[in-house]
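Student: Handing you this structure, nothing more for now.
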Amino acid sequence: MTEIRLQNINQYFGETHILKNIDFTFLEGKFYTILGPSGCGKTTLLKIIGGFVNQTSGDLYFGDKKMNEIPANKRQVNTVFQDYALFPHLNVYENVAFGLKIKKVSKVEREARIKEALRFTNLTDFKYRDIEQLSGGQKQRVAIARAIVNEPDILLLDESLSALDHNLRVDMQYELKELQQKLGITFIFVTHDQEEALALSDEILVMDKGHIVQAGSPKDIYDEPLNKYVADFIGESNIVEGEMLEDGKVSIYGRAYECVDGGVKSGTPVEIMVRPEDIVLKPLEEGHLNVTVDSILFRGVHYEICVLDEDGYEWVIHTTQKTEEGKKVSIYFDKEDMHIMVPGEKEDEFNERLELYEGIL
Amino acid sequence: MKRVLALPYLLWMVVFVILPVFLMIYYSFNDMSGNLTLQNYAEFLSSNYIKMTLNSFWYAFLITVITLIVSYPLALVISRLKHKTFWLLIIIIPTWINILLKTYAFIGILGINGILNSVLEKFGLMKIQLLFSDFAFITVAVYIFIPFMVLPIFNSINGINKNLIWASYDLGASKWEALTKVIIPLSLEGVKSGIQITFIPALSLFMLSRLVAGNKVVTLGTAIEQQFLTNENWGMGSTVGVFLILFMVFVMLVTRTKKESI
Ligand SMILES: Nc1ncnc2c1ncn2[C@@H]1O[C@H](COP(=O)(O)OP(=O)(O)OP(=O)(O)O)[C@@H](O)[C@H]1O
Ligand SMILES: [Mg+2]
């Protein structure tokens, strides 16, 4: 059993504080995604788990075993590097064989495992190709084959799909997810593509400037982001400012609305988030706010409609309902679709509050 | 436009490279009184010059191997240092000093009244003549060639993507396995350039053999010098030169790097 426990990990490069008090436990056999903007420390976090960077302070455990002093080649972890890092002087087969040869796996077993890994990644036909002759997607699969052939407990993947075109990428997402379920090992996957994170993960960690801002299931993070940063990072959102009146009542632009959140002191300034797909268009005066349709974009599966309310604020709506530019309509959303965020609230306070009021209001 | 710009280089090539080579080939077919002859070639292929050729190859080989053995670890260590450009500079600076000066410095160190012998004397040991031996010749030559070998090797080691080395650790390789299975194979191009840059000039060293090795080491380089300056037999000197060029072309073909082969 290998859960990965990070305890108060800090990383400095020179004077710069790259990772700040990272405390997190990765459970065995789950698919985790680390999501965050460029430079927030995602790769650094993976490198600490893989053993390529020694954290400045804090402890790393695999199960009960403290890993701080254990070098990378002694860890049951394999990595799919951001640039794949395939050995250019070896062909596909030799790249995949590298780890097994080092571990002196018998020839018969080695052949069998390589064959299986190549079959798994659809590379059987490319066995003797040189690395230079592979496309980005094929390289990526070689990198995955080279890692999983070692049957690691933990697989680290650093933005492994970012070089691929959309279709291949979606294909690979399915393959990865399937792979993880088949192997039953822990995947820690880094990306800055939120859709990818939502589609693949059992759990998402949203990072910002060296912090883990929020961690939770894709649904939790999508429906109940901790703050504006997370809400904006994952999916699109309409965020308006308001004020908490009492448990289950919030005021937006001076008008009171029913909501399902509570535990916030009366008079606290809050932010109210509504997802674009949760907004319904209704005839004038029948919804919450009267608006004028500003623009309509056809997005394939839905229309993306921008409307302006009477105070001049813009709302984005994703809907299959038809309307026309310039038309006056009104917008409506259920109280369950309003999500209330308190600026400055910490993740544990937030979770506590959500739990307390779950199902009450 | 491009052609006009290429003209000076073309002119340079013709005047300083192509013409001299043709002149040399022409002279190699002349005897001492200027008559056309194949005599020089016949003489070269006689036992004396063949022995000299083998001798040259043997010394060049020794010099190259020892230079490589010293330079590879040196380049590897420098590539791992914090201030690598600084240390590289330290290695390169001696190449800015004239070879003759460096050679005389070695005479000062290795000579019978030199530094090394006075140290030996302090310890109550016998003075020994270190100069005028093949040991001295090889030592000085290795010293001179080290920077030329270190530089290309350093460049190719330094150019290896760090992630490749991490990937090998990731797959369970020890430091030694990372060295033998990743770093060395990926720096072979640098090693080849280093060998070229050392072996080819080492084939024709003559100043060194005169000054440090006395006349103990006779190579093709010394033979050419002797033919031109002492015997004034330009024909024979040119013939040796032609063979030397052929050998060099051969060595370059054998050690050519991937990028050069088309
Ligand atoms: N070895 C290092 N020395 C100094 N600074 C470093 C080093 N490695 C990373 N950094 C810095 O640490 C910060 C975080 O880097 P990291 O590679 O973890 O970012 P990331 O989240 O993976 O970004 P991206 O999405 O662009 O890959 C960056 O500002 C980077 O410049
Ligand atoms: Mg990164």
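Glycine is no exception: its Cβ is also placed from the backbone N, Cα and C atoms.
Annotations per TrEMBL:
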- B:53-255: domain 'ABC transmembrane type-1' (DOMAIN)
- B:7-29: transmembrane segment (TRANSMEM)
- B:57-79: transmembrane segment (TRANSMEM)
- B:86-115: transmembrane segment (TRANSMEM)
- B:135-154: transmembrane segment (TRANSMEM)
- B:194-213: transmembrane segment (TRANSMEM)
- B:233-254: transmembrane segment (TRANSMEM)
Student: With a Cβ cut-off under 8 Å, give me the same-chain residues at least six positions beyond the ends of the transmembrane segment (B:86-115) that come close to it.
Tutor: 74, 78, 127, 129-131, 136, 139-140, 143-144, 146-148, 150-151, 154, 207-208, 211-212
Student: At a C-beta cut-off of under 8 Å, are there same-chain residues at least 6 beyond the transmembrane segment (B:57-79) that contact it? List them, or none.
Tutor: 87-88, 91, 134, 137-138, 141-142, 145-146, 149-150, 153-154, 157-158, 179, 183, 190-191, 194-195, 198-199, 202-203, 205, 217, 219, 247
Student: Report the listed stretch (B:7-29, B:135-154, B:233-254) having the maximum count of Cβ pairs within less than 8 Å of the transmembrane segment (B:194-213).
Tutor: B:135-154
Student: Could you pull out which residues elsewhere in the chain have a CB under 8 Å from any CB of the transmembrane segment (B:233-254), counting only those six or more residues past its ends?
Tutor: 21, 24-32, 37, 39-41, 43-44, 49, 53, 57, 196, 199-200, 203-204, 220, 223-224, 227
